[in-house]
Amino acid sequence: MGPLWALRVAGALSVAGVLAGHDGSQRAGQPAALDAGTRGDGVGHDRGVDCREVRKRNSSERCRFVRGTPDCRLDGGFLDYLGGAFCTFPSSLLPLSVSLYALWLLYLFVILGVTAEKFFCPNLSAISTNLKLSHNGLGVVGHSLTPALHGVTFLAFGNGAPDIFSAVVAFSDPRTAGLAVGAIFGAGIFVTTVVAGGIALVKPFAAASRPFLRDVIFYMVAVFLTFLVLYFGYITLGEALGYLGLYVFYVFTVVLCTWIHRWQRGDGPPPPGPWEPAIPTDAEEQESSGTNCGDYGEEYRPLLPYHETSLHILSTALSPLDKHKWRRKPWYWRLFKVLKVPVELVLLLTVPVVDPDKDDLNWKRPLNCLHIVTGPLLCIFTLKSGAYGLYQIQGVFPVWALVALAGSVLAIIVFVTTHNEEPPKYHCVFAFLGFLSSAMWINAAATELVNILRTLGIIFELSNTVLGLTLLAWGNSIGDTFSDLTMARQGYPRMAFSACFGGIIFNILVGVGLGCLLQMTNSQMVVKLEPDSLLVWILAGALGLSLVFSFVAVPAQCFQLGKAYGTCLILYYLVFLCVALLTEFRVIHLAAT
């Protein structure tokens, strides 16, 4: 009763805060209401001529229109996709440019996945270990609570990094805010229907009652708050902070529920929450021992130790291929690995990885010294599309040269004062550098992803919302889909099912809260989120209805989930997708008033 009572109070306070933030007449500094505008983008924005008008122009005028229309300017990013489609390529080759953009879009999802899995998550785990969260995270609470705290904070951030960065980038421009709304809601309904339903089809199981009800209630509260924000048309500073505060309260509730269960059961291990795996059996340990966050440097080690030269260490560390794994893997794995090699090689050159599970903590002396130079250079060249790196001090000395010089001096000092065989005491600092560098890579890839989706939306005259709930949501959720279904096949459907609902809570609360918070300035403490399309309301309503269905159906089945439940969820998503596409193409629309 304690956690549920606290949840009711928090929900009431959150709703009251949203309503209080929107009562009365328009306040000073509050954005004026916007007209719906042409061709709904899902979330309104104040603009002149819509860039989608380019398709109505003659072929000879399209390049001039794109160059001269403010709405066609893509903020951030390194490539001008609209200019490439309408200026670089002739109009007769537009299908070719679209095909190239589609392939590049798929590869961007590969970049996001590889960066998050192989570099961002391991460094985040190393930071958690260095902060002692994996040993005595809460002191007074006890050791067994720490996995829950670690899971809903560090692990949630690691798994949701592509979604969060995509949302932050999309919210940075009112023209692409519909992408963020569509992706957050679209991924939510996809994961809670298709992925959750697939788990029930693959492996019928009994769901954990209290964690399931807790997560669904929190997610319904988050969806309802977002619905209110969209209804009133803007989000204030207090409301953005309220999103983040609600997630902090969710973390507190998870830890409290774990502590209560442990107290009731004595000193036994707590049940697995949405982010913490159950204590593995011997067979499970054998299975998990063959996997690791990173598969670099996993060559078989000789029985007798020997001293490797720095050149050999560098060449081995920069090789993304493991010849032993390559021989025993199927052809399709090899093909995908070949596609990932260029990305992995660039990441290996610029992002250090600290692995607490290895004896040497993945200390590669020559490569880590190189990272001291390449990591900071990466950061300044990815900020503002390289604008900071090209800035010249006093109009003479470029910033990138100063960073390279300072990094080189520091790298030489580290190389001279360390050894190949033993990591230095300050090796944990490389985890923070790796975290920052991988975050910059994810942010850069997310920026390109948002820009190319907006370009495809302009070319095909599609709204940002439908692109967000389809391509962006599917791309960001594909990793969770495969991992959860694989986990279910291996005999852990309860853990996979809990992850479906627990993970998306982080995405919606932190994605909306942090994404809007970062766009606020001292002069404008509000972010406009006015939906000007029926599709936004269909998306929000469909997500809310799916959560209500699960909230009622799962307890009605005594938490025994089988193929009937899974089939209903997947059919529900297919019906929703058909309605969404029919709405996008104006087959379903509101009657004119």
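Just so it is clear, glycine is given a Cβ too, placed from its N, Cα and C backbone atoms.
These features come from Swiss-Prot:
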- 1-20: signal peptide (SIGNAL)
- Asn58: N-linked glycosylation site (CARBOHYD)
- 94-114: transmembrane segment (TRANSMEM)
- 115-135: topological domain 'Cytoplasmic' (TOPO_DOM)
- 136-158: transmembrane segment (TRANSMEM)
- 179-199: transmembrane segment (TRANSMEM)
- 200-215: topological domain 'Cytoplasmic' (TOPO_DOM)
- 216-236: transmembrane segment (TRANSMEM)
- 261-334: topological domain 'Cytoplasmic' (TOPO_DOM)
- 268-277: compositional bias 'Pro residues' (COMPBIAS)
- 335-355: transmembrane segment (TRANSMEM)
- 370-390: transmembrane segment (TRANSMEM)
- 391-395: topological domain 'Cytoplasmic' (TOPO_DOM)
- 396-416: transmembrane segment (TRANSMEM)
- 429-449: transmembrane segment (TRANSMEM)
- 450-454: topological domain 'Cytoplasmic' (TOPO_DOM)
- 455-475: transmembrane segment (TRANSMEM)
- 497-517: transmembrane segment (TRANSMEM)
- 518-533: topological domain 'Cytoplasmic' (TOPO_DOM)
- 534-554: transmembrane segment (TRANSMEM)
- 565-585: transmembrane segment (TRANSMEM)
- 586-593: topological domain 'Cytoplasmic' (TOPO_DOM)
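With a threshold of 8 Å between CB atoms, the same-chain residues lying at least 6 positions outside the transmembrane segment (179-199) that come near it are 42-43, 163, 166-167, 170-171, 205, 219, 223, 226, 230, 450, 453-454, 464-470, 472-474, 476-477, 480-481, 484-485, 488, 493, 496-497, 500-501, 503-504, 507-508, 511-512, 515, 529, 531, 536, 539-540, 542-543, 546-547, 550, 565-570, 572-573, 576. Summarising model confidence by region, the topological domain 'Cytoplasmic' (261-334) averages a pLDDT of 62. Secondary structure of the topological domain 'Cytoplasmic' (518-533) per DSSP, as helix, strand and coil residue counts: 0 helix, 4 strand, 12 coil. Contact check: the transmembrane segment (455-475) against the transmembrane segment (396-416) gives fewer than three Cβ pairs closer than 8 Å, residues 6 or more apart, which falls short of the contact criterion.
Neighbour count (other Cβ atoms within 10 Å of the Cβ, all protein chains): 8 for Asn58 (N-linked glycosylation site). The transmembrane segment (396-416) makes contact with the transmembrane segment (370-390): 3 or more of their CB pairs lie within 8 A, with pairs spaced 6 or more apart in sequence.
Listed by sequence, the residues of this chain that lie at least six past the ends of the transmembrane segment (94-114) yet keep a Cβ under 8 A from its Cβ atoms are 81, 84-85, 88, 162, 339-340, 343-344, 347, 441-442, 445-446, 448-449, 452-453, 455-456, 459, 471, 475-476, 478-479. A Cβ distance under 8 Å defines the sequence-distant neighbours of the topological domain 'Cytoplasmic' (391-395), meaning residues of its chain 6+ beyond its ends; these are 402.
With DSSP classes pooled into helix, strand and coil, the tally for the topological domain 'Cytoplasmic' (391-395) is 0 helix, 2 strand, 3 coil. Residue counts for the topological domain 'Cytoplasmic' (200-215) by DSSP state, with H, G and I taken as helix and E and B as strand, are 10 helix, 2 strand, 4 coil. Non-local neighbours of the transmembrane segment (370-390) in the same chain are 76-78, 314, 349-352, 398-400, 403-404, 406-408, 410-411, 414, 430, 433-434, 436-437, 440-441, 443-444; each lies 6+ residues outside the stretch with a CB under 8 Å from one of its CB atoms.
With a cut-off of 8 Å between Cβ atoms, the residues of this chain six or more beyond the transmembrane segment (335-355) that come close are 107, 110-111, 114-115, 118-119, 122-123, 126, 292-294, 296, 317-318, 320-321, 326, 329, 361-362, 367-368, 370-371, 374-375, 377-378, 427-428, 430-431, 433-434, 437-438, 441. For the topological domain 'Cytoplasmic' (450-454), same-chain residues at least 6 beyond its ends with a Cβ under 8 Å from one of its own Cβ atoms are 74, 76-77, 79, 81, 101, 104-105, 108, 166, 169-170, 175-176, 179, 464, 467-468, 471-472.
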